[in-house]
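Below is one structure, written out as structure tokens; comments come after it.
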């Protein structure tokens, strides 16, 4: 059983590192000249990772694509919040995390994460599960972009049953929600945790299909909007809305909490934060403006794949 456990870790790791390579190449192609800078890190007796960060690009103001493979004698609290019965178990975890903060305010910020855990006190019967998904955070809304994003997500999910997309879309809407602001972080996407309801091979296949669908979902949006004209007003609104991203990641994000509780590399954990951000107390958008439309038409729960969008 120990060999089977290690085979799972190896198989998932090979896929995630390959996906990291593909994602970085695709974004570097959009940039033209800027490149991701790689940092290899290790945690003594705890694993390590491969952090790739692109800064001050023409299209991407800051973006990170990170891979990590870590292990320990006890799962951090963030990993056992929903399952206290496995608290104290030894574990191994692998994950790929991506956050892209574009320069142009008309290009949405995007996040993706794919992770695998295996834990147990008994080597003969370890617990394993997958988690992850992807979500989109626009600053200026375009109906066609939102529909494209969700239709690609649905197409990937539908191979595993028609109930999967609505379930994981609803979970995404629930998770990426700022309770203290009473608003969602963006227009959502997919989110799932503790996925082990199928056999390992099928669960892993689901992860691979989602991972492979990410560029299809996001790149056309980036390509269509990266040269959209903008001015100081749009840039200031982008920086203001980025504040919500910071608030969510520091207050609610379980991945951030897991990394900090585990004692991972802080710079890699916090690469999700935007490089520039502003807060404006009591700010309200001008009625009828593009900024107001974001709140009225996009930062609401919607069925983006239906004809009406209701």
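Think of each number as a place in line: the chain as shown, counted from 1.
Note: Cβ is positioned from N, Cα and C throughout, glycine not excepted.
Annotation comment: Swiss-Prot describes 111 as active site, proton donor. For 97, 113, 114, 115, 263, 264, 265, the entry in Swiss-Prot reads substrate binding site. Per Swiss-Prot, the feature divalent metal cation binding site maps to 101, 111, 150, 180; the stated evidence is sequence analysis. Look at Swiss-Prot and you will find 245-280 tagged as region 'Important for dimerization'. For 180, the entry in Swiss-Prot reads site 'Important for dimerization', with the evidence type sequence analysis.
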**Item:** residue 111 (active site, proton donor) as reference: those binding-site residues from 97, 101, 150, 180, 265 with C-alpha within 10 Å of it
**Value:** 97, 101
**Request:** List nothing but the one residue from 101, 265 whose Cβ has the fewest other Cβ atoms within 10 Å; the candidates are the binding-site residues.
**Result:** 265
**Complete:** Between the C-alpha atoms of residue 115 (substrate binding site) and residue 101 (divalent metal cation binding site), the distance in angstrom, to the nearest integer, is 21
**Asked** If you draw a 10 Å sphere on the Cβ of residue 180 (divalent metal cation binding site), how many other Cβ atoms land inside?
**Response** 9
**Prompt:** Once the DSSP letters are reduced so that anything not helix or strand counts as coil, what is residue 180 (divalent metal cation binding site)?
**Reply:** coil
**Request:** Pop the Cα-Cα gap between residue 114 (substrate binding site) and residue 180 (divalent metal cation binding site) into the table, whole Å please.
**Result:** 27
**Euclidean distance between Cα atoms of residue 101 (divalent metal cation binding site) and residue 265 (substrate binding site), Å** = 21
**Message:** I'd like to know which of these binding-site residues, 97, 113, is least surrounded, judged by other CB atoms within 10 A.
**Reply:** 113
**Message:** Test of understanding: give the count of other CB atoms lying within 10 angstroms of the CB of residue 150 (divalent metal cation binding site).
**Reply:** 24
**Request:** Sort residue 265 (substrate binding site) into helix, strand or coil using the DSSP assignment.
**Result:** coil
**Message:** Between residue 114 (substrate binding site) and residue 150 (divalent metal cation binding site), how many Å separate their Cα atoms?
**Reply:** 18
**Where residue 150 (divalent metal cation binding site) sits in the secondary structure, as DSSP reduces it to three classes** = helix
